[in-house]
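Copied over from TrEMBL:
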- Cys514, Cys517, Cys554, Cys557: Zn(2+) 1 binding site (BINDING)
- Cys523, Cys526, Cys541, Cys544: Zn(2+) 2 binding site (BINDING)
- 282-451: domain 'Helicase ATP-binding' (DOMAIN)
- 527-716: domain 'Helicase C-terminal' (DOMAIN)
Amino acid sequence: MLPIPIQKTFTYSVTNEEANFLNEGMRVAVSFGKTKMFTGLVFKIHENAPTLYEAKEIHQILDEQPLVNNLQLKHWQWISTYYMCSLGDVFRAALPSAFLLESETIVYKNEAFNNEDILEDDEFLIFEALQHQSQLTIHQVVDILGKKKVMPTVNELIKKSAIYIKEQIYEQYKPKLVKYVRLHASYNSDESLNALLEELSRAKKQRDAVLTFFQLSTTKKPIKAKDLETKANVSASVLKSLVDKNIFEFYEIQIDRINFKGDTNDLKELNEFQETALKEIKETFTNNDVTLLHGITSSGKTEVYTKLIQEVLDAGKQVLFLLPEIALTTQIITRLQVYFGDQISVFHSKYSMNERVEVWNNVLENKSKAQIILGARSSIFLPFSNLGLIVVDEEHETSYKQFEPSPRYNARDSAIVLSKLHNAKILLGSATPSLESYFNAQQNKYGFVELNRRFGNVQLPKIELIDVKEKHRKKEMKGHFSDRMLKLIQEALDEKEQIILFQNRRGYSPVVECKTCGVAPQCPNCDVSLTYHKFKNELRCHYCNYQRAMPNSCAACGSNTLDTKGFGTEQIELELKELFPDFKIGRMDLDTTRGKFGYQKIIGAFEAREIDILVGTQMLSKGLDFDNVSLVGILNADTMLNFPDFRAHERAYQMMVQVSGRAGRSKKQGNVAIQTYNPYHKILQQVSSTNYTEMYKEQLQERWQYKYPPYFRTIKITLKHRDFNKVDTGVNWLFKALYNSFGENVLGPTAPAVSRIRNQYIKNIVIKIPPKQSLANTKNQVTKIRNTFEAVKDFRPIRFIIDVDNY
Ligand code: ADP
Ligand code: ZN
Ligand code: ZN
């Protein structure tokens with residue numbers, strides 16, 4: 001199996017000895033194409049030579065033991081078939097990149113060459129560089145020539161026999177080694193020690209180091225070089241000279257980068273409602289492998305999970321706890337570590353490559369510190385050998401779905417398949433379940449348990465809708481705040497309580513528009529207007545990250561009447577600073593949470609009550625638990641409701657109920673205020689009464705009527721190319737071909753709302769699959785049509801993207 005997007009495996013030849021040594025799931029280095037070297041994974045060892053090509057020999061065996069087990073291989077195959085992607089795509093996504101060593105082309109000088117006159121200018125530059133250093137990487141050649149396309153020059157040099165090239169493989173993972181100090185073997189008698197101190201009497205610093213060493217060694221623990229330096233107050237060079245004198249020795253121990261240090265507590269005692277829920281979950285598990293726990297916000301679902309986890313650990317099995325990416329960097333890790341300490345390993349994208357390798361290895365070896373994996377979606381790929389339980393917290397979250405790049409999988413659904421492979425149970429938890437999961441529970445496909453009481457019997461927050469159209473008419477708005485919202489904020493501040501304000505958009509204001517001619521500055525690479533970021537006074541594209549300084553005048557008409565319209569988090573923050581100058585305002589969005597500890601910093605400050613009002617985007621809705629928040633404000637509910645997507649209403653409901661759930665979690669009932677132009681909107685009414693079932697029934701009705709999931713499944717096909725006409729011709733051909741097979745159930749072709757991104761034109765087609773139509777047959781047919789499409793020479797350069805369950 002090679003980490004490339006080609007839908008097949010490849011056969012390489014091995015010797016008998018190699019075949020005996022190799023096992024499925026081990027990595028081998030193999031060459032592919034003319035010069036490329038790849039990390040391949042052994043998928044099958046067999047004796048059938050390929051008929052269409054000659055099997056090459058493998059280059060090197062990279063593992064002593066399989067890195068990937070058979071259950072994983074089965075799981076990957078399912079993902080590849082179901083999501084219509086190559087096994088290689090899954091392989092590449094599954095392994096931490098450090099395991100996928102890559103080759104690099106290295107350029108060497110041919111010592112025998114002396115005919116410099118025949119070299120062109122560029123060629124000479126490379127040749128000359130090789131006089132100063134023995135080898136060059138292609139990257140260095142690129143730097144030397146100052147251009148990207150260097151292979152023609154390199155090839156020319158090879159032809160002229162001036163250089164030769166080799167592929168060099170490099171291993172990327174670096175174990176973290178800690179340097180320790182011990183005494184050289186010749187000094188273990190007391191006499192020799194006295195002699196030693198005598199000898200050092202004139203080297204004061206070195207003597208200090210040795211004396212401190214003896215102090216520290218009374219504890220019999222290994223002594224870190226760094227610790228000795230600090231305690232003895234000497235520099236690294238002092239230790240080094242002692243090593244040179246054969247008095248000390250350095251040695252190294254490999255350690256994990258992430259280690260839990262701290263105390264653990266017992267699990268909390270459950271209240272009667274949680275007890276009942278736990279009992280019911282266990283009952284459903286006798287008949288069902290999947291159970292949905294619908295528990296309102298702050299009902300204490302996490303505590304229920306911990307009890308289940310404990311039982312599975314006691315039975316000697318592993319647990320996978322899936323969370324949306326963002327929730328992971330915050331409180332839940334700490335909360336679970338208090339109970340399970342160093343049995344937990346965490347796995348998510350803000351971890352470095354090396355940290356991820358360590359987690360992988362710990363799971364592979366079933367180490368005690370990898371009994372519970374807390375992870376984001378990609379942790380479903382870890383080498384579990386005996387999973388007993390998977391918990392999918394906030395199962396409705398969109399971030400479980402990977403949209404780009406392939407494999408475009410849904411981690412919740414893939415986790416269900418994974419649990420089946422392990423004969424494990426899986427619990428989906430949410431206060432606002434996805435329509436599909438709730439539907440499956442209603443159909444008795446999943447077990448179903450409810451938890452309807454907030455912990456401590458705190459009531460769900462009081463939710464009020466504020467009609468901003470009315471407020472504008474009566475001139476009761478200050479900036480983007482209604483007088484009512486301001487009053488509620490003031491009341492909470494007076495009580496020394498905290499406030500969360502939700503604005504589903506970052507930046508200062510989404511659009512800048514010329515008041516004279518109405519033109520808005522556009523991204524040069526995408527079909528979208530630029531967003532204004534006031535702090536840096538610049539315009540940015542949220543699709544391709546293009547940025548430029550805010551212009552003084554309109555590019556179209558030249559007048560200096562550029563004006564901002566709409567509003568984002570940054571603008572809200574500034575307005576608040578003016579309205580409440582004595583209070584501390586914080587902001588949490590993509591722009592303020594970059595870096596590994598970005599989230600923790602802001603959330604930590606809010607927890608420590610160093611921030612009074614926190615303004616943020618939807619990342620505020622993900623499973624946070626603050627005990628002093630009494631007011632949650634949603635500044636503009638309408639953008640969420642008007643989103644052009646069949647799930648917009650479901651999503652808007654989930655998001656608003658989740659953010660509301662951050663209010664009044666511990667003591668008294670909280671308040672939620674929602675500003676809207678449309679207070680009679682059904683969804684807002686359902687949010688204000690937290691009526692999930694009514695939302696569910698109504699949405700389900702619409703899904704049936706308009707033929708959407710959970711009744712119909714969908715597959716989305718996207719075509720992309722720089723040339724508009726090419727995509728257009730391609731998509732029309734494709735539409736007809738699909739229409740011939742699926743008729744009315746093919747929708748499109750359409751251009752998405754942003755129809756050009758990074759200079760690529762985009763067209764979409766959606767295929768709907770009716771309840772009784774076979775998924776497998778449909779996918780086979782789509783694959784056939786795709787193969788024909790790609791056989792057409794004109795269409796071949798068009799990017800063809802398939803997204804199964806594209807929602
Ligand atoms: P949910 O995940 O359902 O929103 P949490 O598990 O975060 O709810 O619980 C809400 C709050 O109540 C947390 O601060 C939690 O520590 C507390 N809590 C929940 N159950 C218990 C319990 N049995 N004993 C003590 N505190 C609890
Ligand atoms: Zn752009
Ligand atoms: Zn203008």
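Placement of Cβ uses the backbone N, Cα and C atoms for every residue, glycine included.
TrEMBL feature annotations superimposed on the structure.
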residue: Cys514; record: Zn(2+) 1 binding site; Cβ neighbours (10 Å): 20
residue: Cys517; record: Zn(2+) 1 binding site; Cβ neighbours (10 Å): 12
residue: Cys523; record: Zn(2+) 2 binding site; Cβ neighbours (10 Å): 25
residue: Cys526; record: Zn(2+) 2 binding site; Cβ neighbours (10 Å): 21
residue: Cys541; record: Zn(2+) 2 binding site; Cβ neighbours (10 Å): 21
residue: Cys544; record: Zn(2+) 2 binding site; Cβ neighbours (10 Å): 15
residue: Cys554; record: Zn(2+) 1 binding site; Cβ neighbours (10 Å): 22
residue: Cys557; record: Zn(2+) 1 binding site; Cβ neighbours (10 Å): 12
Collapsed DSSP category at Cys523 (Zn(2+) 2 binding site): coil
Close-lying binding-site residues around ligand 2 among Cys517, Cys541, Cys554, where CB distance stays under 6 Å: Cys541
Where the C-beta lies under 6 angstroms from ligand 3, the matching binding-site residues among Cys514, Cys517, Cys523, Cys526, Cys541: Cys514, Cys517
Local backbone state of Cys557 (Zn(2+) 1 binding site), from DSSP in three classes: coil
By Cα-Cα distance, the member of binding-site residues Cys523, Cys526, Cys541, Cys544 nearest Cys554 (Zn(2+) 1 binding site): Cys523
Spatial neighbour of Cys541 (Zn(2+) 2 binding site) that is closest, considering only the binding-site residues Cys514, Cys517, Cys557 and their CA atoms: Cys514
Pairwise Cα distance for Cys544 (Zn(2+) 2 binding site)/Cys514 (Zn(2+) 1 binding site) [Å, integer]: 23
Using Cα positions only, nearest of the binding-site residues to Cys523 (Zn(2+) 2 binding site) (Cys514, Cys517, Cys557): Cys514
Listed in sequence order, residues not in Cys514, Cys517, Cys554, Cys557 with Cβ within 8 Å of the centre of the Zn(2+) 1 site Cβ atoms: Lys515, Thr516, Gly518, Val519, Ala555, Ala556, Gly558, Ser559, Thr561, Leu562
Cys526 (Zn(2+) 2 binding site) versus Cys557 (Zn(2+) 1 binding site) - Cα distance in angstrom: 22
Cys526 (Zn(2+) 2 binding site) to Cys514 (Zn(2+) 1 binding site) - Cα separation in whole Å: 20
Near-site residues: Zn(2+) 2, ref Cys523, Cys526, Cys541, Cys544, CB cutoff 8 A to centroid: Pro524, Asn525, Val528, Leu530, His542, Tyr543, Asn545, Tyr546, Ile757, Arg758
DSSP state at Cys514 (Zn(2+) 1 binding site), helix/strand/coil: strand
